[in-house]
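S.K.: Take a look at the following structure, please.
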Amino acid sequence: MQIAFAEAAKGESTWTNPKVCAVIVKDGQILAKGHHEKFGGPHAEINTLSHLKNISDAKGADMYVTLEPCSHFGKTPPCVQKLVEVGISRVFIGEVDPNPIVSGRGIKYLKDHGIEVTDMDCQSEINESYNFYYQKKRPLVTLKYAMTMDGKINQKNGQRSIITGQTAYQDAQKLRSENQAILIGEHTLKVDDPQLTVRIKKMDFPLIRVVVVDSADEISTDMKIFQDTSSEIYLLSKQAATKQFPDQVHVEVGDWTPKEIVKFLAEKNIESLLVEGGSHLQADFVAAKLLDKVVVYLAPKIFGGNALPAIATDSQAQAIALTEPELTQLGSDLKVELRKAE
């Protein structure tokens, strides 16, 4: 099963599908292994069977699969039917699938057709956001920011400041690639003029970009975010828009509190959200206690004065307990990772 989980991690293009690997074992020998490579493509079980020298070798063999095999028709046929068809004898499952369409049904189908099933209850974090989404019915929210030793993110309000070095920048790009949507506020959009893309590698499923604004009509269509057409953009506006935006831009009107934002994204099947600022938007999520992970890039600098704090608020928020931090040195900067305590 350890081999299977290591192989499953290679599935970087599964999008909203989980990362899964299956390994076929017979007489103590690994006959084949394969992982789910891309959203819409064959599942891990089918890929693994295709790697056998002879499909007849599957008869009487064991299969170790990191997640419960599916039992429904989606973009691909049910995997359980194929396992029964080829004569797999026993199936060892790393985890039960939390998706209600699958959960327990794959196991039942296999057992009903004479296949012995063992749930190993591995509790891996390889599909953390997928599991979270189906358990909590909302995206897993990560707050991310870079700050100085005195807790500042900008030296001067209204002016972008470079906080960290290149190594931390590359790591932050990797963090983006591990999420399905990214969120910023209007102030950050206007000051930084970002594209909100992943620039360290080509993404088969680029980030959904989300911006909270007072009025979409006040946002210039010349901004960099609109020049990149690789993924959808949602402008969450308090007022209806009369301005014409590019085709990939959707203006949604509402009272966009953190709770409403995550509800909206959950309805879009978004399983993970990276909140990149600014300081007031971060403060809103903290006040709403809508954060599950925090990633801080700490630079050996002090801005002092009236520099902008990482989380700007005039109100006294109730403290949120976090787990013990995980620290990683990135050049001269320090990456601090924390989770919301249970």
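Note: Cβ is positioned from N, Cα and C throughout, glycine not excepted.
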S.K.: Would you identify which residue of His43, His51 TrEMBL lists as part of the Zn(2+) site it also attributes to Cys70, Cys79?
M.R.: His43
S.K.: Would you identify which residue of Glu95, Glu271, Glu276 TrEMBL lists as part of the substrate site it also attributes to Arg176, Leu196?
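M.R.: TrEMBL names Glu276 for this substrate site.
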S.K.: Considering only the binding-site residues His43, Leu196, Glu276, which residue has the minimal Cα-Cα separation from Ala146 (NADP(+) binding site)?
M.R.: Glu276
S.K.: List the same-chain residues at least 6 positions away in sequence whose Cβ sits under 8 Å from the Cβ of Arg176 (substrate binding site), in sequence order, or say none.
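M.R.: Residues satisfying the criterion: Ile182, Thr197, Val198, Leu207, Leu274.
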S.K.: For the C-alpha pair, I'd like the distance in angstrom between Leu196 (substrate binding site) and Thr188 (NADP(+) binding site), rounded off.
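M.R.: One finds 11 Å between the Cα atoms of these residues.
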S.K.: Quick one: which residues besides His43, Cys70, Cys79 have a Cβ within 8 Å of the Zn(2+) site's Cβ centroid, in sequence order?
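M.R.: Along the chain, the qualifying residues are Val20, Ala44, Glu45, Ile46, Pro69, Thr76, Pro78, Val80, Gly106.
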S.K.: Cys79, Ala146: which of these binding-site residues has the sparsest Cβ neighbourhood within 10 Å?
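M.R.: If we count Cβ atoms within 10 Å for the binding-site residues Cys79, Ala146, the smallest count is at Ala146.
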